[in-house]
Amino acid sequence: MTTSFVSDWMAQEGQKLSDCKHDDPFSVLGIQPFQGKWIARIWMPEAEEVELLINGSLIPLTPPNHPWIFEALLDENPGSNYQVKVHRGGIKHQQYDPWSFRDEWMGEIDTHLFAEGNHHHIWRRMGAHLSEMNGVCGVMFCLWAPNARSVSVIGEVNSWDGRHHPMQKRMGGIWELFIPGLKEGALYKYEIRTQNGHCYEKSDPYGFEHEVRPAQSSKVSRIDNFKWSDQEWITKRDSSNPLDQPISVYEMHLGSWLHAPSDEPFIEPNGNKRTAVPAADLKPGTRLLTYPELKQKLIKYVKERGFTHIELMPISEHPFDGSWGYQATGWYAPTSRYGTPNEFRAFVDACHSEGIGVILDWVPGHFPKDSHGLAFFDGSHLYEHSDPRIGEHKEWGTLIFNYSRNEVRNFLVANLVFWFEQFHIDGIRVDAVASMLYKDYLRPEGQWIPNEDGGNENTEAVKFLQQANHVLFEHFPGALSIAEESTTWPGVTNPTDVGGLGFNLKWNMGWMHDMLDYFEVDPWFRQFHQNNVTFSITYNYTENFMLALSHDEVVHGKSHLLHKMPGDDWRKYANTRALLAYMWTHPGKKTIFMGMEFGQRKEWNVWDDLEWDLLGYQPHQGIQRLVDDLNVLYKSNPALWRDDFNQYGFQWIDCKDNKNSVISFMRRETLNNEWLIVVANFTPESHPNYRVGVPLEGFYEEIFNTDSDKYGGSNTGNMGGKASEKWSIHEYEDSIDLSLPPLSVLVFKYAQKKSPNEN
């Protein structure tokens, strides 16, 4: 190779590097063989002088072919055992050469599994990893961007200049670069040059931590230095069937549950004051609580209320508070609005120590168009479909994942494993499943593409959901996977091996709509709507249902639960108590949204906090007390939960008394043959002599009454219970003569004796 040819070639290579158009810097930079010797070739934009430091000796480098490519001829190959001394802009510094670290980070097996869509721990390769190469500490960066012309790491390390750290393209569209000396906390992005020359700055899709919005940089973060103390909890969880357990969920949004005054900063353990993250202009003078503060306040509150789980609306990093977290850009990081990843780990750990499980809302159905996120990631429609008829939700302004692409499915499935493994969560609630299952979801005719059979089912999304649930339960057999699926798609909670989607719970949207419609009707007209109350039992055993009164029902002009109820305040409170008690005694696991537990009046506002001042008023204290006691009643009586999904667990006594709007039923469980009788009166008229058939002779203890004065009721009841009489009704020989309070739910337990005074 002639000297002039080498000079021209190096000038061209240098120009490609300076233009950020190089995809193979390892072919040029670092230690290169040359005519039986070695050339040390260092890329150092805007440097004035560069020297090589090998074993204590300094070797001057010269830029013979390009002003930013510095070279020296060496007799021996030093490997990566050298440093570079740089003089630039009057500043001198010493560093290792990034292009001397050539070992592939993504091995052949990793690349193969990722291309198949089966690398369940891909985050251990992708992203930014604090690591050691050849005895040198630094950060390994790894990114999937197969259609990019070039990719650079930009950050504080290079003044956000993409010319300094071009990445090496590997097999499968993987880009890698080890930057020696970089430390935890360093901010970075990827600068991606597309094939047509456009340049984008992107956050790391696999980043483990990101800046607080509106900043968009990713942050180098450790994922392996938290000491968990919940192994007993995890072992017990994964060795039991959650469907056989009581599940009572408090759904909430971390940023609008409670705020703190902005002039009271959070004090870190080291004594430093943390910069406050403001709540919003709608709530001036306030700031968001941190994960440590939520650990102290929220866990105590949820435990006092008696809930078994907290469900957090999405906490994956997201740029816009108004999306409630449902439009994520940082899928592998808890949002930094509230603190650090390890602080969130400590929050989960503390939940487990108090016997509370943690469920996260997970949103694999779509993602936002923000320029720093996944959209048009490498200059192509990499994560989304290119055709907007299958790749865009016009109504939401978001993009739809391309589930047919193996690497995209891998990104999502591994993300699921990541949250369970890295943050010890106990369950997920998958948002908007119907939008994934149907190609024509919210689309007019002509704006969607049928599947290969001409139908509207999204077979790619079906396969993805099946894969995600299969992998989840393979790794975490005691997990909860809850579907928010609003249609009658069959087999949502059937196992994948029989063609189901593989969830183990599904929100019962039908029950929710029927009951809210029913309770919004004037009680005097409820006799014409009895079917709303009873219909859910006709399909109750087609899926494993969870009853949910969620955030979606208290926004966008729908009013909060209390204000959905008709009548004066007394009736509103009584109706609310009756609905909650019917929910807790109806088959199915339970979820309510924050604020419902004490009768919030205003609609939920993501920029405000709850109306905690209402707890200064007795009726709201009464509703909170009712929820506390419902959770005690629920957890202490297996008849209310053990056989939720077994037809033996429920039996109507009478569901046909629409004239009085009264229903009665039994809840039973097989293990101990325990059972309860529930009687509900959904009118404001009391019934002092209402007879209900019972299966056995004996005394029936009144163990719960929503009309108790401690809940704000009129304290009408049955003096602790009623003994049965030989009076045939409802196809039973025995019955009890009850006093039914207005707008109430009563629960009775068989005591096997004629009166409470008998021994």
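One-based numbering along the chain as shown.
Including glycine, each Cβ sits where the backbone N, Cα and C put it.
In three-state terms derived from DSSP, Asp431 (active site, nucleophile) belongs to neither a helical nor a strand segment and is classed as coil. Remark: Asp431 (active site, nucleophile) has Pro314, Tyr326, Asp361, Trp362, Val363, Gly365, Glu484 as non-local neighbours, by Cβ distance under 8 Å and separation of at least 6 in sequence. Taken from Swiss-Prot, the feature active site, nucleophile covers Asp431.
A 10 Å cutoff on Cβ-Cβ distances gives Glu484 (active site, proton donor) a total of 21 other Cβ atoms nearby, all chains included. What Swiss-Prot records for Glu484 is active site, proton donor, and it gives sequence analysis as the kind of evidence.
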